[in-house]
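K.L.:
What Swiss-Prot records for His16, Gly19, Asp35, Ile36, His37 is D-galactose 1 binding site. The D-galactose 2 binding site annotation in Swiss-Prot covers His64, Gly67, Asp83, Arg84, His85. According to Swiss-Prot, the feature D-galactose 3 binding site maps to His108, Gly111, Asp127, Glu128, His129, an assignment based on similarity to another entry. Annotation source Swiss-Prot lists N-linked glycosylation site at Asn26, Asn74, Asn118, citing sequence analysis.
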Amino acid sequence: MTTFLIKHKASGKYFHPKGGTSNPPNGTNLVLHSDIHERMYFQFEVVNERWRYIKHVASEKIVHPFGGKADPLNGTNMVLHQDRHDRALFAMDFFNDNIRHKGGKYIHPKGGSKNPSNGNLTVMHGDEHGAMEFIFVSPKNKDKRVLVYA
């Protein structure tokens with residue numbers, strides 16, 4: 001299973017559990033931050049050929065929209081939680097560099113900024129634009145994309 005960092009393409013910041021702990025509690029917000037460390041590594045956990053869980057390696061918790069709804073509202077915070085269900089499934093669109101929730105919305109920096117500050121929350125939103133592009137990169141080389149569906 002490939003380990004990767006989730007990099008906000010426009011700002012170069014990365015997904016982190018808020019507070020940066022290795023075992024954050026259920027419901028911990030996911031934020032963007034410029035630091036790189038082993039507590040912000042992720043992996044895909046395959047469910048079927050398209051949909052996957054995004055797993056926080058250190059805690060083995062899964063990326064979820066807060067509340068775990070099938071069709072989260074625009075602005076719903078992204079969090080880590082231990083539960084695995086179809087409302088926590090995501091797919092990567094490598095052509096457009098976005099992360100799509102099974103309900104159809106995408107992960108965005110809250111506020112839609114191309115250069116969000118450290119600690120900016122990540123949310124679900126239906127809009128598509130350059131500020132919501134993410135790429136998966138190697139923890140050993142933050143400029144090298146990794147093949148995460150292999």
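Backbone N, Cα and C atoms are what each Cβ position is placed from, and that goes for glycine too.
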K.L.:
What span in Å does the D-galactose 3 site cover, taken as the longest CA to CA distance among His108, Gly111, Asp127, Glu128, His129?
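P.N.:
Largest Cα to Cα distance for the D-galactose 3-binding set is 13 Å.
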K.L.:
At the Cα level, what's the spacing in Å between His16 (D-galactose 1 binding site) and Asn118 (N-linked glycosylation site), rounded?
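P.N.:
Answer for this pair: 10 Å between alpha carbons.
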K.L.:
Per DSSP, His108 (D-galactose 3 binding site) is which: helix, strand or coil?
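P.N.:
Where His108 (D-galactose 3 binding site) sits, the three-state DSSP reduction gives strand.
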K.L.:
Around the D-galactose 3 site formed by His108, Gly111, Asp127, Glu128, His129, list the extra residues of the same chain whose Cβ is within 8 Å of the site's Cβ centroid.
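P.N.:
So the additional residues around the site are Tyr106, Gly112, His125, Ala131, Met132.
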K.L.:
Rounded to a whole angstrom, what is the C-alpha distance between Asn26 (N-linked glycosylation site) and Asp83 (D-galactose 2 binding site)?
P.N.:
9
K.L.:
How many Å separate the Cα atoms of His129 (D-galactose 3 binding site) and Asn74 (N-linked glycosylation site)?
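P.N.:
Cα to Cα, His129 (D-galactose 3 binding site) and Asn74 (N-linked glycosylation site) are separated by 15 Å.
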K.L.:
If you skip the near sequence neighbours and keep only those at least six away, which residues in the chain come within under 8 angstroms of Asp127 (D-galactose 3 binding site), Cβ to Cβ?
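P.N.:
Listed in sequence order, they are Asn74, Tyr106, His108, Gly112.
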K.L.:
Determine the most Cβ-crowded residue among the recorded positions Asp35, Ile36, Asn118, using a 10 Å radius around each Cβ and all protein chains in the structure.
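P.N.:
Result for the most crowded candidate: Ile36.
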K.L.:
Whole-number Å distance between the CA of Gly67 (D-galactose 2 binding site) and the CA of Glu128 (D-galactose 3 binding site)?
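P.N.:
Per the Cα atoms, Gly67 (D-galactose 2 binding site) and Glu128 (D-galactose 3 binding site) stand 23 Å apart.
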K.L.:
Could you tally the C-beta atoms, other than its own, that fall within 10 angstroms of the C-beta of His64 (D-galactose 2 binding site)?
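P.N.:
Total other Cβ atoms inside 10 Å, all chains included: 30.
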